[in-house]
Every structure is written in C-alpha cells, then in structure tokens.
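To start, the structure under review is shown below, and the notes come after it.
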C-alpha cells in the first residue's frame, strides 16, 4: 500500500493569507483563510502595501493553524507548495519567503504553483477531472479559456484583451454606488432587476475565443452619465441586471462554443466570479442543453485559498516540479509554462 502524500500549501497572491494541508491531492485536511476585505473596503479596492503588511502579520499563525487543524507536523509533510504568481509582488513574496524558510528548515521539496492552475484544480477537490476538458477562468485579474487534455496540460485558447470580468464588475459596482467588493453585490442586485438597458455583447472575430469587457464597462458608465445629465432616474437593479446579462451571455456562449470546437464533455469553471449565481444558473442551463458535464466548486473554493494551491501542487510534486531557494514572485506568469507533457 502506497504512502499518503501530504502537501503544505501557502497562498498570498492578493488579499487573502491562506495555508492548507492536502492529502493525496484530493482531501482537504485543513484550509485556513485570513481575509483582508474589511481593511480594503474603505479604499474601494486592494491596496498592495496594506495587503503585504497584513500578510506579514498573519502568515505564521495561519500556517500554524493549518498544521494544527490537520493534526500533522512539518516532519510529516512531503512538500511545501506555494503560489509563485501571478499576483501582487509584495504579497507573493510573503508567502514565498515563508515557504522557502520551511522547506529549508525541514529539508522539504519546494513546489512553485501557478495561481490560475490552483483555481482550476479547486474543482478536482470536489469532482474528478474527465479529460479532455475545458476550463473557464473568471476572476478579478483573469478571464481565460484553457484546454486540458491531461493533468498539468494547459493550452490557453482564449483570454481577455483588456479588462478581466471581475474588474468590470468592480468598476460598474462603484459607478452605481456599491461598496467593495462589488461583484457579489452586483450579482445580488441583478436578481432583483429587469434587463431594461441595451448594453453591448462583445463577441470579437467569428472564430475567436478571446474576451473584451472594456467596451461594456464604458457603455455602462456613459449610459449612467447621460441619464444623470438628463436628470432621468437611474434604477441600480436594472443596471446590474442588464450588465450581468451582457457579461454572462458572452461567457456562456464562448465556453459552450469552445467545448464543442475541442470536442470536450466537461466544462469546469474557476475563479472568484465562478461563485456568481447568475453565471452559475445560465451555465447549468446551457450545459444541460448541450450535454456537457458542468463542474463548479463550492463558493468557498472559488475565492483565493491555499487548498487549491495544494491540489495543483500535489500533481506538480508528483511530476517532479521543484524550485530552489532562488524562487521569486512574478506579477505576470504564463500558465502554459507550467505544462508537463507526458511521454
């Protein structure tokens, strides 16, 4: 009988300090998350310097809590996995330096993990991958379609050419007077409104799987500006509904088209915006109509957390991916560089 593999994972790419212990890539023994939302709310967004300071304050206790909750020790851990990027450099370095210190002190392998690979592998913690598959990544910093023919095989077939979908949500939220984080509040308002504003659906070229949300964002802002100039009433619920319907229609349409083009039967959704109820609802409908298996993680695994880093880190560890003590953080990082081709 083979020995269980225990991965200690650390995530600090943005405004959550998180540590987790993952068993055999599938079982969450602990997943401690220290959120900074309240600290950033008054600024209307994440302030990098504030985020870094909070990571410094919380990283040690977060790791200790993860180990204690998992009822394990560093001696029993097989490897330390940590987010290398993309993310805020100052924030990333707090987690990376903690991981390097532990790996050095306890003579454990150090495994660098791509943040988006982590989001993708959050799905595998709840429902096994069925290859080949298509991954739709929707978050504050990323909007991508990634084709996977096997574990650690990442081919980006589409990505945003300007704003990520989460950025558009936050900007629209601020425009209609909602506080940070805006995405969940827009989603909640959208359930109460009607689609009364004609906002654009940006499909780009016929065969393109790329996305663009800057035009939609500008259309919403301009529409509200014009209404104010004319002293006409603005109904926030209807703005939220019209905006969200425009976003969701494009995301769902391109995801389904990608699945059909690449002949895959499982669509997984990853990233913070994957917890959006409107998006989840429309994806369920579309996937049922096209006989595609849909996999979306629980909301707690959609937002940044270390369990997802441990899930991806397990397969990277098994594939022999390692880093030395020169590991650094990167604000931008190509997920395709983390692909492992099987012989």
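Every residue, even glycine, has its Cβ placed from backbone N, Cα and C.
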Binding-site annotation, Swiss-Prot, substrate: partner of 137, 138, 139, 140, 141, 170, 183, 187 in 68, 245, 263, 276: 276
Same-site residue for Fe cation (record: Swiss-Prot; known: 115, 119; options: 4, 291, 304, 324): 304
Candidate nearest residue 304 (Fe cation binding site) in space, where candidates are the binding-site residues 137, 139, 183, 276 and distance is Cα-Cα: 139
The one of 115, 119 whose CB sees the fewest other CB atoms within 10 Å, among these binding-site residues: 115
Sparsest Cβ surroundings (other CB atoms within 10 Å) among the binding-site residues 139, 276: 139
Among 141, 183 [binding-site residues], residue with fewest other Cβ within 10 Å: 141
Integer Cα-Cα distance in angstrom, residue 119 (Fe cation binding site) to residue 139 (substrate binding site): 9
